[in-house]
Amino acid sequence: MCPPRGLLLVAILVLLNHLDHLSLARNLPTATPGPGMFQCLNHSQNLLRTVSNTLQKARQTLEFYSCTSEEIDHEDITKDKSSTVAACLPLELAPNESCLASREISFITNGSCLTPGKASSMMTLCLSSIYEDLKMYQVEFKAMNAKLLIDPQRQIFLDENMLTAIDKLMQALNFNSETVPQKPSLEGLDFYKTKVKLCILLHAFRIRAVTINRMMGYLNAS
């Protein structure tokens, strides 16, 4: 029987905040880190920096749009679509590997983050889940930025450095990653709602970027 998603989330958050860095690294699903993993760690660190900078700019520019973490309605666009928190759990918290492997996520095996032939299925699932998260946010951000670019006020746009950081980490996780251009839908276009949605997504994505960066750090140290 698979443990409830809520319990898994609480467990991983407790571990991330209270367990020793190297101790946790030793207990994660094992893999052999190589130069590619170090490169992926650099990409994840750059992603965290750029999304933090983008969020800070949005909070300043959209100060009248309720853009602080205390004011927004938090939303996770990856809910029920990916399993990053569960897939990247330490082994002792995920004794039933089949519970995770049964998730409908395509395994990636052609990225540079793992040494070919030396990654466990759970480690591959962890990185595959991270890739799926990035892909979902990439689609949302690019569609949103396309709308912001036609805003007559031209008040705010997404930082290209953040979009590039997403692309680079996705490519490191999957060599076949492709960027799909997004065209804005003009039906029911509301720039105010778009900017509020931007704040919500940036806050959620920064939290996910923190998780991704920690996971990459643990994998690189293991």
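Going from the start of the chain as shown, residues are counted 1 onward.
Just so it is clear, glycine is given a Cβ too, placed from its N, Cα and C backbone atoms.
Keep in mind that what you see is a predicted model, and the values were worked out from it rather than measured.
Checking Cys2, Cys199 against Swiss-Prot, the residue bonded to Cys67 by a disulphide is Cys199.
Cross-referencing Cys2, Cys40 with Swiss-Prot gives Cys40 as the cysteine bonded to Cys113, criterion being a recorded disulfide. When Swiss-Prot is consulted, the disulfide partner of Cys88, picked from Cys2, Cys126, turns out to be Cys126. For the pair Cys126 (disulfide bond) and Cys113 (disulfide bond), the C-alpha distance works out to 11 angstrom. For Asn42 (N-linked glycosylation site), the spatially nearest entry among the disulfide-bonded residues Cys67, Cys88, Cys113, Cys199 is Cys113, judged by CA separation. Of all the disulfide-bonded residues listed here (Cys67, Cys88, Cys199), Cys88 has the Cα closest to the Cα of Cys113 (disulfide bond).
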